[in-house]
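Student: Take this structure, written in structure tokens, and hold onto it; I'll ask about it next.
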Amino acid sequence: MSMGRSPSTTFRSRTGSHGARDLIAGHGRNSRRISQMHVNILHPQLQTMVEQWQMRERPSLETENGKGSLLLENEGVADIITMCPFGEVISVVFPWFLANVRTSLEIKLSDFKHQLFELIAPMKWGTYSVKPQDYVFRQLNNFGEIEVIFNDDQPLSKLELHGTFPMLFLYQPDGINRDKELMSDISHCLGYSLDKLEESLDEELRQFRASLWARTKKTCLTRGLEGTSHYAFPEEQYLCVGESCPKDLESKVKAAKLSYQMFWRKRKAEINGVCEKMMKIQIEFNPNETPKSLLHTFLYEMRKLDVYDTDDPADEGWFLQLAGRTTFVTNPDVKLTSYDGVRSELESYRCPGFVVRRQSLVLKDYCRPKPLYEPHYVRAHERKLALDVLSVSIDSTPKQSKNSDMVMTDFRPTASLKQVSLWDLDANLMIRPVNISGFDFPADVDMYVRIEFSVYVGTLTLASKSTTKVNAQFAKWNKEMYTFDLYMKDMPPSAVLSIRVLYGKVKLKSEEFEVGWVNMSLTDWRDELRQGQFLFHLWAPEPTANRSRIGENGARIGTNAAVTIEISSYGGRVRMPSQGQYTYLVKHRSTWTETLNIMGDDYESCIRDPGYKKLQMLVKKHESGIVLEEDEQRHVWMWRRYIQKQEPDLLIVLSELAFVWTDRENFSELYVMLEKWKPPSVAAALTLLGKRCTDRVIRKFAVEKLNEQLSPVTFHLFILPLIQALKYEPRAQSEVGMMLLTRALCDYRIGHRLFWLLRAEIARLRDCDLKSEEYRRISLLMEAYLRGNEEHIKIITRQVDMVDELTRISTLVKGMPKDVATMKLRDELRSISHKMENMDSPLDPVYKLGEMIIDKAIVLGSAKRPLMLHWKNKNPKSDLHLPFCAMIFKNGDDLRQDMLVLQVLEVMDNIWKAANIDCCLNPYAVLPMGEMIGIIEVVPNCKTIFEIQVGTGFMNTAVRSIDPSFMNKWIRKQCGIEDEKKKSKKDSTKNPIEKKIDNTQAMKKYFESVDRFLYSCVGYSVATYIMGIKDRHSDNLMLTEDGKYFHIDFGHILGHGKTKLGIQRDRQPFILTEHFMTVIRSGKSVDGNSHELQKFKTLCVEAYEVMWNNRDLFVSLFTLMLGMELPELSTKADLDHLKKTLFCNGESKEEARKFFAGIYEEAFNGSWSTKTNWLFHAVKHY
């Protein structure tokens, strides 16, 4: 196509040319016309647009492929583009030409636009986009105003197109380039085009997307934007405001003579990032020190030394940054020992280091973000709501201006539409099966197919029906409706229809086979009853499938089978009752027999009531899985007021009583009672967000209470289970998703972790072109987060690019020998390492990746050829904490189970620390970043037990496996304590005083290491027993040089261990060998009655008791994690193993302590078995 640049250039055909004025005035031979002589008769507004259009830059119509006649006749008048042979003619003005289009007026504007751009593809011009999503329509309305048409969902017949001059104008809205760039960046971060995602959105998901934007906009206006309250300001996590320093820690610090190390540099050095030659001041440890008081002491010492910088302004403020990390301690009400980073250093016998930073320089990195750009789909949604006459916006405020957020939450239509309430219906639920499609039944004439229907709420089945058996080759039913024993007035608003399709042989009483299953809510996203005929795509009957998932298999994953059913219609829209109707019913109902219940105001009188013991007995019976009889359910229901005020966690029990959900009066009262319900525990709230509760009212209540209880310090521990809770949501718009979005926008670190965990989720769902409902929901949540945090997009983009490059390299080196692969890795890194430097670590943004150390990059020897990479830690004084950031990149392993175990370990660590027990756990970071792709933090200065075992030869390795003191000897060596022969040679050159000082320091270091080993052994013994971690051998047990013991590689959990000849290899409850006990006893032989081992046993029992007190929380966490569909966490038996190790049937702390004391004795007496396994492992792998 040749291009014309002059404003006077006209469209040209092969036989002649006419000006733009003629083109606008003429509509072709078959079109309606206005005067071709004068355009001045048009409306003045339109005349202005015509004149502006005439002055555009435009091309000629001479096309290389000869298709120019598509738009112009030989006479120079535009041909009609035919979309529909019997439609109306509409003129569409593009930025660079005009086209006349014959189309049906019933076509949606979005479809019209997409088809039009496909037809005019030969007319594309380089300076203009030919993507339909980059344009919106404008028209001249009845008031003579130029109006933008943002709602693409309406048909052309709804537009104000004048019969004498039907014309539409296409234009690119203001800011379209920024929107395009933003969409492109977000698409890159997601790994999937937003344009394609938009095309796949149905009406519910478009509403969800607009709601997410409204929440994003509201949150961004209210979150911290300045100073230390800035949403990205990295305050170090702390345990509890006002908490005193534990006495044990205080004694440990004083014995080790620890102090605070303060580092200061001049302003110019800080600006340039120079960390060498920093001034150091040591300040004596004070258990009551706060950041404010420590700074005050430091500045006082500086004045005494007469040290200052003339470049600093007189009013300069100061921050304390933890050495080696981008985290600060600034809260004046929090003691330093309550900060996690400070306490960990003290517990490890290390002096906490602080870099004193200038506030003015630090806060430059946390400036106010630029205003949000309102995306085009929001304006489209506002217009749609206005045209649909829907009344309430997302934030329940009336529309103030055309720029406000009109996004719907109250989905009820206006009175002009025919509608009734569910409570107006006087009928039972009726459903008709229609047919089964998309499934190839076995070619056997005797095959039948049938459907099982059930209506449920949570774990309760309210009604069920099984259809007649029909011939599988036809798989069609007659027009008979099946009537369910479910009165419509009593149908709960969150009732779910479960459909299961089965087939088998007619003449044989053999096992039936499952075609598939699907669960669908009986109400739609508008909160209206589903009516009419529906086609639902079934889920394949996979063994690990999440059968609680609500929604169809829209992506056709695993099967193309579908079922068509018809739900009885009532001649109009049927809406669910509102909260006001529930309240009215409860207040004015005429039957009061069940309202005379235990009120619960006086706790003492309640527990003395004879019915209380029966209540406790029934609760235990229910929790054991036994279904309560109706009279027993009534007894529990009579105690609802007591439960509301005294035992709010029993809401779980009430929500699982069939008695509640089969009568609208009962669940209406429960809804009303929730308004004044005492907050349940975190464990109970998480349980209510799992598969046991599908009711949206109760789930909303649980989210609200969870949001109140989880502080910013602890919220990150629950991101993973809350993501799984999303999978149990019946609708796209959920309170769980909104809470995750809000928290992520208000805390950069939460947002960073949420993004990567969500990206790993959608990576597993990216295996087909038709994206699943779950994929689209999560993608929209991620998009909303990135739109609200544009600054994070730049960081995420670099990290995504890093993952892509490492994936490419790991694939490249997979088939190579280890040494050759390492050389190839380093060659590749030399050309791209600059792309992976000077950025936040994907594992934890508090660490800054500096220069990559290419010579330390290696390919590990395992089958998947993981890559081990090292960077310099760019944070100041990183030598005190973590000089290098090392990580392993894995391509081909599913890291989700490891991440689950380590997340639970982090929760345990947090709970133990809150109970003043520091078990020195090392929950290193693991981050899945895609399908079978992820990175693992490398813990520095450590070795596996096997590496410690390996000596100078085969026999030496075998002997060390048997030698109970080899671990203790290794620890002594790391502390500088040599064996007697080596020691005598070295000491011969030193005087006696030097010898004594060196020996004292080495022994002090050794005993500190033994103490670390003791507490870490306590933590991992209890944790691995509770989680049933198996396949423990000397290659996945590690020891740091300072004595910390920890586990890696969690391939087998919840009792799933390796077996040989049907016998499990790991027969001990947890690892406790003679080698460990020798270290605990500081090298002395094992004696179970010794003070050291009795102390170890006591600590183990105390640590277990703390976990037992929180048993409900762990059961809730693992129950939610069923949504991950891991092979070893997928069944009730897996959860039963956890309940067994947590001694959930125990009724008292004494019983729990006695239970674990028995477990300890079993591990102690069976230590020889583990020792033998280690010997065979060493011999096999040497």
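Cβ coordinates are placed from backbone N, Cα and C, and glycine is handled just like the others.
Okay, these came from Swiss-Prot:
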COMPBIAS  1-16  compositional bias 'Polar residues'
DOMAIN    74-174  domain 'PI3K-ABD'
DOMAIN    266-358  domain 'PI3K-RBD'
DOMAIN    425-577  domain 'C2 PI3K-type'
DOMAIN    601-788  domain 'PIK helical'
DOMAIN    853-1168  domain 'PI3K/PI4K catalytic'
REGION    1-24  region 'Disordered'
REGION    859-865  region 'G-loop'
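Map the listed features onto the structure and describe their local environment.
Tutor: Per-residue pLDDT, averaged across the domain 'PI3K-RBD' (266-358), gives 94.
Secondary structure by DSSP for the region 'G-loop' (859-865): 0 helix, 1 strand, 6 coil.
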Student: List, by number or range, the same-chain residues at least 6 past the region 'G-loop' (859-865) whose CB is under 8 A from its CB atoms?
Tutor: 810, 813-814, 816, 818, 821-822, 825, 888, 890-893
Student: Which one, 266-358, 425-577, 853-1168, has the most C-beta pairs under 8 Å toward the domain 'PIK helical' (601-788)?
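Tutor: Most Cβ pairs under 8 Å with the domain 'PIK helical' (601-788) come from 425-577.
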Student: For the domain 'PI3K-RBD' (266-358), what does DSSP give as the number of helix, strand and coil residues?
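Tutor: The domain 'PI3K-RBD' (266-358) comes out at 32 helix, 20 strand, 41 coil.
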Student: Can you break down the domain 'PI3K-ABD' (74-174) into helix, strand and coil residue counts using DSSP?
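Tutor: Its residues fall into 20 helix, 32 strand, 49 coil.
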